[in-house]
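Below is one structure, written out as structure tokens; the observations come after it.
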Amino acid sequence: MEQRLEIEQFICRSDNYGVLIHDPESALTATIDAPDAYAIEAALERRGWTLDFIFTTHHHLDHVEGNEPLKEKFGVSIIGPEAEKAKIPGIDRTVKGGDEFTFGLFKVKVISTPGHTAGGISYYLPDAKVVFTGDTLFALGCGRLFEGTPATMFHSLEKLVALPGDTALYCGHEYTQNNARFALTIDPDNSALKERAKEIARLRAHERMTLPSTIALEMATNPFLRWHDRTIRARLGLQDAPDEAVFAEIRKRKDMF
């Protein structure tokens, strides 16, 4: 039987996603990253929850700036990537790819997803069918390669697309509309992408959030995951290139978009 995980999602810091997860059985609550302590406190108050954990995906300031004020107020335990422990304020416990731990009734699997940063991780809760990818995989996009190579990011994305297609995807930023504009330059004849772009435009016109997505939806519409697609390969002039090279070219084009 699928266990119920309550999720509260909101936008803060202009385009960061704040995400709270709550296990109603144990009454435990965690925030995925801590972009804005004030916004997180307001969301907790709306739901009547108290904060127990911060699950850090990577060390960038817009994901950890709330760590210390939230720790001071709630006494939270901060979990984050072993490879970035020196850069994560207030960290209490380090984890790495392949590790597992429990959050209430839920098993949490840690996936190593470097590329955006050297030690970034994602948190996968199989019983809730949800993955939190930070700035590795976005709706219709992927993170910039600040501390990694295209090969590094490619292999991280390979791990994420191996998850079940009905896995819900939550990421770190509301970049989806701009990502859709770029995606249409790479994959303009993709009918699923065109329909999705229209829906995204409608949502954003009303200042509504475009997440969560799913792994299956991203595989059908996100050009950064469609390295196998023959039409995309032909458009890029990379019909016989390795998958990794196709991804690298798409990332290069996005950097210049």
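Each Cβ is built from the backbone N, Cα and C atoms, and glycine gets one as well.
Features of the protein shown, as given by Swiss-Prot:
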type    : residues                     : note
BINDING : His58, His60, His116, Asp135 : Zn(2+) 1 binding site
BINDING : Asp62, His63, Asp135, His173 : Zn(2+) 2 binding site
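A map of Swiss-Prot features onto the structure.
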| residue | record | DSSP class |
| --- | --- | --- |
| His58 | Zn(2+) 1 binding site | coil |
| His63 | Zn(2+) 2 binding site | helix |
| His116 | Zn(2+) 1 binding site | coil |
| Asp135 | Zn(2+) 1 binding site | coil |
| His173 | Zn(2+) 2 binding site | strand |
Open item on the list: Applying a 10 Å Cβ distance cut-off over all chains shown, what neighbour count does His60 (Zn(2+) 1 binding site) have?
Closed with: 22
- [ ] Quick one: pull the CA-CA distance for His116 (Zn(2+) 1 binding site) versus His173 (Zn(2+) 2 binding site), whole Å only.
- [x] 13
Task: His58, His63, His116 as binding-site residues, winner by CB count within 10 A - done: His58
TODO: Could you work out which of the binding-site residues (Asp62, Asp135) has its C-beta surrounded by the smallest number of other C-beta atoms within 10 A?
DONE: Asp62
- [ ] Quick one: pull the CA-CA distance for His58 (Zn(2+) 1 binding site) versus His173 (Zn(2+) 2 binding site), whole Å only.
- [x] 13
TODO: To the nearest whole angstrom, state the Cα distance for the pair Asp135 (Zn(2+) 1 binding site) and His173 (Zn(2+) 2 binding site).
DONE: 7
TODO: Work out how many Å separate His173 (Zn(2+) 2 binding site) and His60 (Zn(2+) 1 binding site) at their Cα atoms, rounded off.
DONE: 13
